[in-house]
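Annotated features in Swiss-Prot:
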BINDING   Gly35, Pro36, Val37, Gly38, Ser39, Gly40, Lys41, Thr42  GTP binding site
COMPBIAS  1-10  compositional bias 'Basic and acidic residues'
REGION    1-22  region 'Disordered'
Amino acid sequence: MHLDHAHTHDGPSAVSADAHRPDGTRRALRIGLGGPVGSGKTATVAALCRALRDAFSLAVVTNDIYTREDAEFLLREAVLPPERITAVETGACPHTAIRDDISANLEAVEDLEDEVGPLDLVLVESGGDNLTATFSKGLVDAQIFVIDVAGGDDIPRKGGPGVTTADLLVVNKTDLAPYVGSDLGRMAADAKAQRAELPVVFQSLRTEPGVAPVADWVRARLAAWAA
């Protein structure tokens, strides 16, 4: 699996904000999850929380335009204690709050570290956006981009910064492929052509192995962060 931190492009995997808090302690690793509306970002966040919460101290920041719907879903599912889940209401296009003006998200992350820290990991979920959505290097250290087979098997071929430069591309809802006519082999080939050595995971949260491959990728990131 590709875990090279020395990328030369200016995409999301370039070096981000200072790795230390003002008091000199090491801050949490921050991983952003972006992708189109309905691709399964929140369900993936929930599954990751369940997979990682026993081994790591983690928290979540969600983004919605005018509501707290994603955060409320995570709270209902009890994936983490309530104080470890917070919501940002962006009031504008989702990419604005994760790339152009990150102040609200950065404050939310820092408040979580102050209030429930020390934390190993903060997951920052973007509101649903298009294929161009990327996170600011000042907000997250790595980005996962989630698409789904119901959006069409041409999505990887269409590219866009989210697809081509995210540190991990997740093709979600693979169990639906036979019902929507999506060719997983074609999607895999197109993703490889767009992303070269950057990793791609095909995922169904309804069938084994579920979120396990993505959770393993996150664990590897955490190990590298702590090294």
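Including glycine, each Cβ sits where the backbone N, Cα and C put it.
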Under 8 Å by Cβ from Thr42 (GTP binding site), counting only residues of that chain that are 6 or more apart: Thr62, Asp70, Phe73, Leu74, Glu125
Lowest local Cβ density (other Cβ within 10 Å) among binding-site residues: Gly35, Pro36, Gly38, Gly40: Gly38
For Thr42 (GTP binding site): DSSP state (helix, strand, coil): helix
Greatest C-beta neighbour count within 10 angstroms, which of the binding-site residues Val37, Ser39, Lys41: Lys41
